[in-house]
Amino acid sequence: MESEKDIGAKFLGDYRILYRKGQSLWSEDLLAEHRFIKKRYLIRLLLPDLGSSQPFMEAFHDVVVKLAKLNHPGILSIENVSESEGRCFLVTQEQDIPILSLTQYLKSIPRKLTELEIVDIVSQLASLLDYVHSEGLAQEEWNLDSVYIHILNGVPKVILPDLGFASLIKERILDGFISDEENRESKIKERVLLHTSEGKQGREDTYAFGAITYYLLFGFLPQGIFPMPSKVFSDFIYDWDFLISSCLSCFMEERAKELFPLIRKKTLGEELQNVVTNCIESSLREVPDPLESSQNLPQAVLKVGETKVSHQQKESAEHLEFVLVEACSIDEAMDTAIESESSSGVEEEGYSLALQSLLVREPVVSRYVEAEKEEPKPQPILTEMVLIEGGEFSRGSVEGQRDELPVHKVILHSFFLDVHPVTNEQFIRYLECCGSEQDKYYNELIRLRDSRIQRRSGRLVIEPGYAKHPVVGVTWYGASGYAEWIGKRLPTEAEWEIAASGGVAALRYPCGEEIEKSRANFFTADTTTVMSYPPNPYGLYDMAGNVYEWCQDWYGYDFYEISAQEPESPQGPAQGVYRVLRGGCWKSLKDDLRCAHRHRNNPGAVNSTYGFRCAKNIN
């Protein structure tokens, strides 16, 4: 670990450098903390010689634009791209646990990987490559250290940290191999075995994927005429031959375009063929001819009642080389056991009859079908609600923006409103129920990198200490969808303003005519736990500050003029471009916290200051 003096800069833009983590072939990796929000990030500072190359920077810019749109646990998500003192740097999520390259991970395990462990790693890599190929990106430049394994709670997760960038620094990678005198030969050979000569985007990845899978199975890369997995691992249940041949085909057009479907189990027929092959090769043994053995014995040794096998019986026995018998019970199986040479003729006849009865019986084979287990869906955590009595109220203000005029009367029916904004622990259950961060119309519900909810190892988790904080990074679609999921709705703009003012006409802030930092969370560095500040006259918490709250209405600049003419339960314009947000947030100034202050944004907009609370009709 190096100190800040070793790095040569205490701050890099808005980020305070904590220490240097290492250096890759194209970046210097630093751990930093944002000076305002106090959150840690991994900064990848571009090396000076690369930053001065105009062709490289143009290609680098194109890759960054594509990567910024991706959202996959196997890719280091880009939070921000900035420049300081002429050096470009990327801001990515902090990795708390060390990351091992694939070869380092395999060396750390004192045994060979099991088939299911190989399936897990290969499935993750295939899913990741299929995803990036669909987005127009590819790894292209491969070696065994291109794949990294992130150990999270003892579970290996596959990551490609240099995805998109490796192809930009091919010459630098080759120079690195040549300068490494100790491992030069093995590294160059490894690169040759992982690449083809076609150079078509995506097909290089397909070939390398097949070669890496082969390496996980055998411990070496395929070269020349190599053995197929079925010849060595006959007891494996997955069809590795199909995957290897689909990826390592000599003809580029025959290589698979999608990788994940290649990971499949063997068919029932293939498994049966393996069983029969194993039986024939390992279970059969030479049985001496009882006729010959009896002929070689003296006549005095032959027991009374024994008869020699006729020529016809011997002939039929030569044709019967192997018989596979399925017994329906243990008793029947025991009946077919080979009797000792001392068995009587009656016992041999009983054995023949038992064997014949098994052979003529219709075999019955039933397929095992695992009973489906219906997993219980997550249940919502409901919020206590406050009843807002209906009546005539005043809304608007003369001290704000033009869209707050005119001050006018509105008539509202009684309704319920949540006492606090929806929290992370409540919203995560909605995401688990949806199974995605998008709704059925592909509208984004939440952007995880702008929230305190993360997806790790395929599971959604909340950052420690943020379960009771209001959910942020949520779109209007996510807020509306959550409300519908629990049988509620979003409040209208009129309902929200009247609820914030506590029913008091012309009240400036929810807590009174003035507001201090002891009364609300504003102009700070982050959200706070809900209900941390005193409630307003209605008993509602966080109506000022903490997070902006989505409302049901479309925003209309002059809608108050229409509302003054039609005061009965106003609900905003019939259509529009923006949806209404109210209440100010943790980084707002005082003016944004006024009860009458209006804010708006696109319904699909994502921000670390946007949250919501729910309302409900009386009936």
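Heads up, the Cβ atoms here are built off N, Cα and C, so glycines get one too.
Keep in mind that what you see is a predicted model, and the values were worked out from it rather than measured.
Going by Swiss-Prot, these are the annotated features:
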- Glu141: active site, proton acceptor (ACT_SITE)
- Lys21, Gly22, Gln23, Ser24, Leu25, Trp26, Ser27, Glu28, Asp29: ATP binding site (BINDING)
- 15-302: domain 'Protein kinase' (DOMAIN)
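Ranking the binding-site residues Lys21, Ser27 by other CB atoms within 10 A of the CB puts Lys21 at the bottom. Long-range Cβ contacts of Asp29 (ATP binding site) within its own chain (separation 6+, distance under 8 Å): Arg20, Lys21, Gly22, Gln23, Leu42, Ile43, Arg44, Leu45. A Cβ within 8 Å of the Cβ centre of Lys21, Gly22, Gln23, Ser24, Leu25, Trp26, Ser27, Glu28, Asp29, the residues given for ATP, is found for these other residues of the same chain: Arg44, Leu45, Leu47. In this view, the densest Cβ surroundings among the recorded positions Gln23, Leu25, Glu141 belong to Glu141, judged by other Cβ atoms lying within 10 Å. The two recorded residues, Ser27 (ATP binding site) and the residue listed as 'active site, proton acceptor', have Cα atoms 17 Å apart. The secondary structure of Leu25 (ATP binding site), as reduced to three states from DSSP, is coil rather than helix or strand. For Leu25 (ATP binding site) paired with the residue listed as 'active site, proton acceptor', the C-alpha to C-alpha distance reads 13 Å.
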